[in-house]
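Peer 1: Please read through the structure below; I'll follow up with questions.
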Amino acid sequence: MEEDTQYHPRMITREPEREGRCYFRSVYKLKIKSETKVVQQDFHLIDLLSHFVRERIPERVVHAKGSGAHGYFEVTRDISNITMAAPFSEGVGTKVPLTMRFSTVAGESGTPDTNRDPRGFAIKMRTSMGIWDWVFNNTPVFFLRDPTKFPLFIHSQKRDPQTNLRSPTIQWDYWSQNQESVYQVMILFSNRGTPRSWAQMHGWSGHTYKLVAKDGSWHYVKIKVISQQGIDNLTAEEALQLAASNPDHNTQDLRDRIAAGNFPTWHVAIQTMTPEEGQKYKYDVNDLTKVWPEDEFPLVEVGKIVLNKNPENWFAEIEQLSFSPGNMPPGAEPSNDPVLQSRLFAYSDTVRHRLGPNHLEIPINCPLAVHNFQRAGWMRVDGGAGTLPPSAPNYPSSFQPPVSFPQRPYNLSQIADPIVGPATVLSSYQLSRMDFEQPNDLYNKEFTEVERQSLVANVITALNSVTVQQVQQRSLNMFACVDTNLGNAIGKGIGLQPSSPLTCGA
Ligand code: HEM
């Protein structure tokens, strides 16, 4: 190259596969002599700069830091008696392509992977009947069951609007005033709050969903995605050390595993309840703060997930990836869980802001085969008719080329929950003593001794940085409501005693 000659990279990099879709200006040399003044006619300089200064899009309002990979889901058991949803309806051995994204919740997009936080565990399956998004976490329950609390809860975990600092005092003020969160808080402050690797954690639907068979019979269902790499967690010290030495530890771990051919694998299992069992269940079947014990509602293995391909273009395949719990094929339906019902709205809504109204046309989000009646709007780049000819009408025409609508074999009123009983009516958002039963089981029966010790130590460290004593006291009382020994052990570490008498819900 001549000394005073520069090539504009976009002009010399032609992408043959895009020929015909975008019209590139012809390739030529742009000469900038040292004595030449930059003027408006240096169109390519201005083009380059103006694209550069627009390279960022809004990050996710939650779950901003994360990464992912591609692979497949394979059906391993025939459950067509339970659901008509693809891929299950297509027989054992059916495989569908998928993309998964793992994330932390509260931190911004540059924050360390190893921060103490739940992990997002989102799976996009591209089935023959459309996209099926499983937007799960690595915990079986969530902090709340009243969706109006979600934005307020997230505010308490993110930065204080005055100082722009995260604050343990504010975090514990929220949790201790909303003690239905205690099960999730206990998982978070055990070493399960800092997984060593995304491949070494399970994923859970949390919510109850419904699976519906062709004849309209239906079951409540919860889904668990079980790591075949085993579970491994970091200690608080290891997590802190990695946050400093390699903030992208989990991102790199996933990439390295796949690059080395050690493809992370999960088994998929479901728990089911008939509508009648749901009505009789001790807890509200739509309460997101409760688990269905596996000894009462056994896991049935139905599928397998393998991740075997790293993204080649991270922005296109991961940052532009978007999920919605509302993306479900016929045969899968939401339950009445109010948090799930709220999520059916919130995800597509946020994504219209983050990626635009045509986010489903972005290749990574696009279903395998689509026709729709949406033709216009920002960044409509595919001509708009999906697999129909570009001239196809944007309404269901009676005389233009055929658009046929597959019929759902069941009637939606057939699968409505009966409007009686605890299965559908959240009897109260108020805290009750029952809210401490499962946390007690978690502490005494499920946690190992190491997990119990890590929980106590990590809570003591966190509560010692809370600056308001009434928040410390209320938080301590919350743990004492779970278990007397747990309360006493934490109290010892923060120099307080559980209140007497204790009030543990109505
Ligand atoms: C009312 C309750 C909730 C609301 C309003 C809500 C809202 C959101 C929003 C706005 C995003 C960002 C989406 C995007 O920009 O693409 C998000 C991401 C996410 N949420 Fe929720 N969320 C709720 C509860 C939950 C629950 C209960 C779970 C798990 C069981 C969950 C799992 C996730 C995951 C995994 C992501 C990351 C998706 C990705 O990787 O792109 N969320 N949530």
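Each residue, glycine too, has its Cβ placed from N, Cα and C.
So TrEMBL has the following annotated:
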- H63: active site (ACT_SITE)
- N137: active site (ACT_SITE)
- Y347: heme binding site (BINDING)
- 16-403: domain 'Catalase core' (DOMAIN)
Peer 1: Judged by the number of other CB atoms within 10 angstroms, which among H63, N137, Y347 is the least packed of the recorded positions?
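Peer 2: Sparsest of the recorded positions H63, N137, Y347 by Cβ contacts within 10 Å: Y347.
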Peer 1: Under a three-state reading of DSSP, tell me whether N137 (active site) is helix, strand or coil.
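Peer 2: In three-state terms, N137 (active site) counts as strand.
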Peer 1: Using Cα coordinates, what distance in whole Å links H63 (active site) and Y347 (heme binding site)?
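Peer 2: Cα-Cα, rounded: 12 Å.
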Peer 1: Tell me the coarse DSSP state (helix, strand, coil) of H63 (active site).
Peer 2: coil
Peer 1: Quick one: Cα separation, N137 (active site) versus the residue listed as 'heme binding site', in Å?
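Peer 2: Given the Cα positions, N137 (active site) is 15 Å from the residue listed as 'heme binding site'.
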